[in-house]
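Student: One structure, as structure tokens, below. Some questions next.
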Amino acid sequence: MSELKLPSIDYVALAPTLILLGAALVGVLVEAFVPRRLRHMVQLTVAMLAVLSALTMVVVNANDRLITIGGAIAVDGPALFLQGAILVLAAMALLLIGERSVERGGAFVAQAAVTAESADDRRQAEGRPGATEVYPLTSFAVGGMLIFVAANDLLTMFIALEVLSLPLYLLCALARRRRLLSQEAAMKYFLLGAYASAFFLFGVALVYGYTAGVPDRAAGVDFATIDAAVSESQSSSVLLFGGMALIAIGLLFKAAAAPFHVWTPDVYQGAPTPITGFMAACTKVAAFGALLRVFHVAFEGARWDFTPILGVVAVLTMLVGAVLAVTQTDIKRLLAYSSIANAGYLLVGVLAPSSEGVSGTMFYLVAYGFSVLAAFAVVTLVRDGDGEATHLSRWAGLGQRSPFYAGLFTFILLAFAGIPLTSGFTSKFAVFSAAFDGGQGWLVVAGVLTSMVLAFPYLRVVVLMWLSEPGESTPAVVMPGWLTSAALTIGVVATLVLGVVPQPLLDLAAGAAEFVR
């Protein structure tokens, strides 16, 4: 009887993910056994300590370059860099999620099943403590993201996709204000996400069939097997290109790229604003981390086949995001279309055929994550008696009512527009220069032109805040608690520093741009 051979597992390399998933389980136990009055502080402490501990382990593993768990997980430069980015941005998002002083009772419904005006709902409105399931759900989502960017086979990537997606569907439905809008957004996200996951899984099946057609090789969906099958090019190209297309649909949905972006405006508008910021920053890092690994490792041999098609998707994404952002009258929907346009710019970096494209994309993800979290931090502060005032007409004259926070938001919008000495300029320059050097000049031209269009809605908000007279409906900016103040400070400072002194992070990204194979 042959001895069972188990795959080798490097638990130190997997420590960041294990810490986050373990913290999520601890959070479930806290919800069950810790007294209600203590839960919020305990949950926030557990989640934040887990994120910081996982980040410490990423730093400890910085020099590791290995594949573990039988080829399922790759620990390499891009995986570690993106895991670190996700954890830093998740810590910043937790500061927004944990804020309770901006709105009495917090931004989240006490329990997902609580109906409006019920006894539990009134209890929360009085400032009494409620349930805190938002923290373990966030930890589960972050844990899934850490696996997603390090997955070395398509089935592991699919499992990670579900682990990160399912908590997000629930988190989107937990808004305390505009509850029906929040639940509608979550339902749309869930249904469309289920379709996208089905496309991804069907694509995995087609790619497996493609690898099975290679003579003298075992079939599989790990990236090394796929790369070898693509290099030999003896199987049916219909299976390969069909599988690539379906897998790309699943990943582009998470990245909010056109034409798979339709969920983004509704979900960004309906979800609790801290969760919107979390998704805009961390989910985008995870999605593009997976895109980089799939197209630079598994399907690298088919680069010249998929580049024109994904290039068209990138241009369409930039156009849709920039043009439709001009028509928006809600600040969260405007930021949603801005996120879509930025997904197009990131695709330009993904398609650059060099390590500079990988490093530029990773730098862009970090820079954009800090800026967009800072933007949503400001959005949480502009409010009236009914909650956040997100309609643009309500922002008229905000610069006269609250010049400090209007000034911070103006700076962030200028960074989104790509003004020099901001992270928006350096990040766009990084991906555009890599694409231009790789012969993708047409994508650079499209990126520059759409950036000019996208600057208009940003400047319109700036003009509205500073050059319009405040009306009776102009809301006040509430004083933030220390958690929101910390998140806003980190985001604004990072946006400035990465615009003025970007080289250290660019060098770090360049040194982490090589995949293990």
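Cβ atoms here come from the backbone N, Cα and C positions, even for glycine.
Swiss-Prot lists these features:
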type: TRANSMEM; residues: 14-34; note: transmembrane segment
type: TRANSMEM; residues: 40-60; note: transmembrane segment
type: TRANSMEM; residues: 77-97; note: transmembrane segment
type: TRANSMEM; residues: 154-174; note: transmembrane segment
type: TRANSMEM; residues: 189-209; note: transmembrane segment
type: TRANSMEM; residues: 238-258; note: transmembrane segment
type: TRANSMEM; residues: 272-292; note: transmembrane segment
type: TRANSMEM; residues: 306-326; note: transmembrane segment
type: TRANSMEM; residues: 334-354; note: transmembrane segment
type: TRANSMEM; residues: 362-382; note: transmembrane segment
type: TRANSMEM; residues: 404-424; note: transmembrane segment
type: TRANSMEM; residues: 451-471; note: transmembrane segment
Student: Determine which residues of the chain contact the transmembrane segment (272-292) at the Cβ level, with the cut-off under 8 Å and only residues 6 or more beyond its ends counted.
Tutor: 78-79, 82, 85-86, 89-90, 92-93, 96-97, 99, 107-108, 138, 141-142, 144-145, 148-149, 151, 157, 161, 164, 168, 171-172, 174-176, 182, 251-252, 254-256, 332, 335, 339, 342-343, 346-347, 350, 358, 361-362, 365-366, 368-370, 372-373, 375-377, 379-380, 388
Student: Below 8 angstroms Cβ to Cβ, which residues of this chain, lying six or more residues outside the transmembrane segment (77-97), approach it?
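Tutor: Contacts of the transmembrane segment (77-97) (Cβ under 8 Å, skipping residues fewer than 6 from its ends): 16, 44, 47-48, 51-52, 54-55, 58-59, 61-62, 64-65, 108, 134-135, 138, 142, 145-146, 149-150, 273-275, 277-278, 281-282, 285-286, 289, 292-293, 358, 362, 365-366, 369-370, 373, 376-377, 380, 483-484, 486-487, 490-491, 508-509, 511-515.
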Student: For the transmembrane segment (306-326), could you work out the same-chain residues 6 or more beyond its ends whose Cβ comes under 8 Å from its Cβ atoms?
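Tutor: Counting only partners 6 or more residues beyond its ends, the transmembrane segment (306-326) has Cβ contacts under 8 Å with 244-245, 248, 252, 257-259, 261, 295, 299, 334, 337-345, 347-348, 350-351, 353, 440, 442-443, 446-447, 450-451, 453-454, 456-457.
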